[in-house]
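Asks: Dumping the structure here so I can ask a few things about it.
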Amino acid sequence: MERMADVFRKTARLIARGEIEGDLAKAAGTNTDGDAQKALDVIADEAFMAALAGSDVRYYASEEQDSVVELNGQGGLGLAIDPLDGSSNIDTNVSIGAIFGIYPAGPDGDATFLRPGRELIAAGYAIYGPQCSVVLTVGDGILKFVLDPETQEFVQVASPAGVGIDSAEYAINASNYRHWTKPVRAYVDDLVAGAEGPRGRNFNLRWVASLVAETHRILTRGGIFLYPSDAREGYAHGRLRLVYECAPIAFLVEAAGGMASNGSDPILDIVPDELHARSPLVFGGVDKVMRVAGYHELPDEEISALFGNRGLFRA
Ligand SMILES: O=P(O)(O)OC[C@H]1O[C@](O)(COP(=O)(O)O)[C@@H](O)[C@@H]1O
Ligand SMILES: [Mg+2]
Ligand SMILES: [Mg+2]
């Protein structure tokens, strides 16, 4: 963690200097997943690999690497990492970050990461925003550290305790509405219907397009996040990747007292079939995530009904 903290510190400084350092959002190639890479994606990936060489990390699984990289044959850990999350926000001065999950090393690289997220031993994220903060768990409860810009030390502060708050905020990229499945549309229709709809209250939409920023907000003051599967080509399992995005966030959210699913089943029970496998992701307060699962179980006549006629979820 100390070596990772050093990368967080240096990346926060690089981002704070922005264009003084050059164009951090400059196109830099394409990763295995077909995502366009930006300069900062590559810089962050290389910085983590360099910092962890010779550490206890044996296997390194990154969004920016085709396959698992063996860093230190003697190491006992596997690190799954999204070295730079929220790439579309690099040049907009909006919060971005890094997401990580740590497993005990398995017999080989793939076996270390193609396992249920429940076997993680630690997970967390760094967020590069107005503050640089790190939120992590080693399994029970979460810890938060803020980078002091004066001393460059990470200082532990009170743990966020907001995941259970009865918040009216939801996060989803609503521009994909027409591509969603019926249960997701019905769920969002009922939120949008507000006080006049079956939920009988008004809701508020937030979409930063940086998973770390949505997670930070939800851990701090509640709400729900959804990145569902949809009918666009390549989105049959949503957008987010299980190994280094969904599982670490799910492990953290559960440790904070919340819940994370793929819409129906717990994320932490899913075994990825490949390193860059995707999954729909829904997380936040337990009651909210369970409600989404409820919409997936509704009979077709209920799910197809106009919100005014959908009886089961009337508040
Ligand atoms: O642009 P979209 O489809 O709304 O997707 C936004 C999502 O994509 C991501 O940026 C994917 O992460 P990367 O930036 O690491 O590829 C998430 O942080 C965010 O939740
Ligand atoms: Mg990401
Ligand atoms: Mg990324």
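In case you wondered, yes, glycine gets a Cβ from its N, Cα and C as well.
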Asks: Look at the Mg(2+) 2 binding annotation in TrEMBL, where Asp82, Asp85 are given, and name the residue from Glu245, Glu254, Glu274 listed for that site too.
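Replies: Answer per TrEMBL: Glu245.
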Asks: Among Glu63, Glu64, Glu70, which residue does TrEMBL name as a further Mg(2+) 1 binder in the site formed by Asp82, Leu84?
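Replies: Matched candidate out of Glu63, Glu64, Glu70, per TrEMBL for Mg(2+) 1 with Asp82, Leu84: Glu63.
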Asks: Consider only the binding-site residues Asp85, Ser88, Asn173, Glu245: which of them have a Cβ under 6 Å from an atom of ligand 2? Write none if no residue does.
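Replies: Listed by sequence, the hits are Asp85, Glu245.
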Asks: Can you name every residue in this chain, apart from Asp82, Asp85, Glu245, with its Cβ inside 8 Å of the center of the Cβ atoms of the recorded Mg(2+) 2 site?
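Replies: The answer, listed by sequence position, is Glu63, Ile81, Gly97, Ala98, Ile99, Tyr125, Leu211, Val212, Leu240, Arg241, Tyr244, Pro248.
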Asks: Given the binding-site residues Ser88, Asn173, Glu245, state which is nearest to Asp82 (Mg(2+) 1 binding site) when distance is taken between Cα atoms.
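Replies: Nearest in space to Asp82 (Mg(2+) 1 binding site), counting only the binding-site residues, is Glu245.
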Asks: Compute the C-alpha separation of Glu245 (Mg(2+) 2 binding site) from Ser87 (substrate binding site), stating it in Å without decimals.
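Replies: With the alpha carbons as reference points, the distance is 13 Å.
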Asks: For a quick check of packing: other C-beta atoms within 10 Å of the C-beta of Gly86 (substrate binding site), how many?
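Replies: Its Cβ shell of radius 10 Å holds 23 other Cβ atoms.
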Asks: Please spell out the DSSP helix, strand and coil residue counts for the domain 'Fructose-1-6-bisphosphatase class 1 C-terminal' (167-296).
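Replies: DSSP composition of the domain 'Fructose-1-6-bisphosphatase class 1 C-terminal' (167-296): 59 helix, 21 strand, 50 coil.
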